[in-house]
Amino acid sequence: SLSGAEADLLAKSWAPVFANKDANGDNFLIALFEAFPDSANFFGDFKGKSIADIRASPKLRSVSSRIVNRLNDFVGNAADAGKMAGMLDQFSKEHVGFGVGSQQFENVRSMFPGFVSSVAAPPAGADAAWGKLFGLIIDALKKAGK
């Protein structure tokens with residue numbers, strides 16, 4: 001889990017993203033797919049589609065909403081070691097089942113702080129806290145075999 005201070009940095013940097021969660025969720029997925037085009041192929045609704053087609057897809061909002069809400073759960077529980085352990089275990093098992101592994105989340109970790117910064121300037125130290133959160137996810141996926 002993260003320290004209380006790290007969890008606070010996550011919450012402060014996440015709040016502006018979550019305040020406009022629908023548009024920001026869509027924008028995050030598009031930014032991920034632009035930075036890592038193969039990422040779209042891990043989503044059945046987007047496999048083989050162009051960015052323009054994904055943007056126009058009625059499925060974009062439902063997929064991005066699930067991602068934003070799951071991230072919100074991680075942010076809200078980041079300092080609770082017990083809850084995080086259970087959440088990470090469930091998350092990693094689900095994602096291994098989807099064929100998603102640690103490399104895909106290394107990609108997310110590399111671009112997510114920049115995405116957060118594009119919404120609102122985060123407090124100092126927030127990028128490192130996001131890196132640590134995604135590091136926990138990556139470690140859980142590796143432990144689950146991916």
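The backbone N, Cα and C atoms fix where each Cβ goes, and this holds for glycine too.
Features as listed in Swiss-Prot:
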BINDING   H95  heme b binding site
DOMAIN    1-146  domain 'Globin'
MOD_RES   S1  N-acetylserine
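Summarising the environment of the residue listed as 'heme b binding site', the number of other Cβ atoms within 10 Å of its Cβ, over all protein chains shown, is 20. Contacts of S1 (N-acetylserine) defined by a Cβ separation under 8 A and a same-chain sequence distance of 6+ are given as A78, A79, D80, A81, M84, A85, L136, in order along the sequence.
Each residue of the domain 'Globin' (1-146) gets a DSSP state, and the totals for helix, strand and coil are 114 helix, 0 strand, 32 coil. Over the domain 'Globin' (1-146) the predicted model carries a mean pLDDT of 95.
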